[in-house]
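Novice: Taken from Swiss-Prot, the feature signal peptide applies to 1-25, supported by sequence analysis. The heme c 1 binding site annotation in Swiss-Prot covers HIS73, CYS87, CYS90, HIS91 and is backed by similarity to another entry. The heme c 2 binding site annotation in Swiss-Prot covers HIS108, CYS127, CYS130, HIS131.
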Amino acid sequence: MKTRIIFAALALAAAMPLLVSGVFAADGAAPAKVPSGPHPITQEIPADPMAKEITDDHKRARNYADQPPLIPHAIRDYQIDLNINKCMTCHDRKNTEGSQAPMISVTHFQDRDGQTLGAVSPRRYFCTQCHVPQTDAQPITGNRFRDIDSILAGGKEGAK
């Protein structure tokens with residue numbers, strides 16, 4: 001029992017710097033329009049307008065290996081909960097012929113032990129955990145990401 005308590009205390013002590021740095025990092029990433037200094041707690045700041053979804057049904061190229069595909073259509077009112085998954089009305093194995101939608105990956109039918117199931121694995125059931133619709137949102141911060149093809153094409157310059 002004492003060993004467990006000591007182990008838990010050491011684990012918490014080791015994790016504390018990470019937790020604290022996460023708080024400060026989140027604080028530093030706050031939008032610039034948040035008022036600084038004293039302000040009424042009831043002050044409401046309007047939210048930025050939502051980015052427009054790109055719904056042209058064009059399949060987007062992936063930027064890195066194993067990137068989940070983007071959703072090329074609107075899903076605003078799709079019900080995805082324990083009772084219903086609207087995505088499955090088109091993307092389930094049984095429905096793809098009629099809908100012409102791509103079937104979900106066979107990996108979605110495997111449980112955590114790699115066993116193939118007859119239906120979608122519960123851990124893959126909530127599509128929007130990984131798959132997101134594409135929007136015309138502008139980046140909040142600069143992005144220097146380059147995919148492997150652009151790095152290889154750039155030669156030494158891309159190998160930084």
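Placement of Cβ uses the backbone N, Cα and C atoms for every residue, glycine included.
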Novice: Between the two most separated Cα atoms in HIS73, CYS87, CYS90, HIS91, the residues recorded as binding heme c 1, what distance in Å do you get?
Specialist: 13
Novice: Among HIS108, CYS127, CYS130, HIS131, recorded heme c 2 binders, what is the largest CA to CA distance in Å?
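Specialist: Comparing all Cα pairs, the maximum is 13 Å.
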Novice: Could you work out which of the binding-site residues (CYS87, CYS90, CYS127) has its C-beta surrounded by the smallest number of other C-beta atoms within 10 A?
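Specialist: The binding-site residues CYS87, CYS90, CYS127 were compared, and CYS90 has the fewest Cβ atoms within 10 Å.
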Novice: C-alpha of HIS108 (heme c 2 binding site) to C-alpha of HIS73 (heme c 1 binding site): distance in Å?
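Specialist: Per the Cα atoms, HIS108 (heme c 2 binding site) and HIS73 (heme c 1 binding site) stand 20 Å apart.
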Novice: Between CYS87 (heme c 1 binding site) and CYS127 (heme c 2 binding site), what is the CA-CA distance rounded to a whole number of Å?
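Specialist: Between the Cα atoms of CYS87 (heme c 1 binding site) and CYS127 (heme c 2 binding site), the distance comes to 8 Å.
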Novice: Of the binding-site residues CYS127, CYS130, HIS131, which one sits closest to HIS73 (heme c 1 binding site) when you measure Cα to Cα?
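Specialist: Closest recorded candidate to HIS73 (heme c 1 binding site) by Cα: HIS131.
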Novice: Can you tell me how far the Cα of CYS130 (heme c 2 binding site) sits from the Cα of HIS91 (heme c 1 binding site), in Å?
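Specialist: That separation, Cα to Cα, works out to 15 Å.
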Novice: Between the Cα atoms of CYS127 (heme c 2 binding site) and HIS91 (heme c 1 binding site), find the distance and write it as a whole number of Å.
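Specialist: Between the Cα atoms of CYS127 (heme c 2 binding site) and HIS91 (heme c 1 binding site), the distance comes to 11 Å.
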Novice: For the recorded heme c 2 site formed by HIS108, CYS127, CYS130, HIS131, which further same-chain residues have Cβ atoms within 8 Å of the site's Cβ center?
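Specialist: Near the heme c 2 site, the remaining chain residues are PRO68, CYS87, ILE104, ARG124, PHE126, THR128, GLN129.
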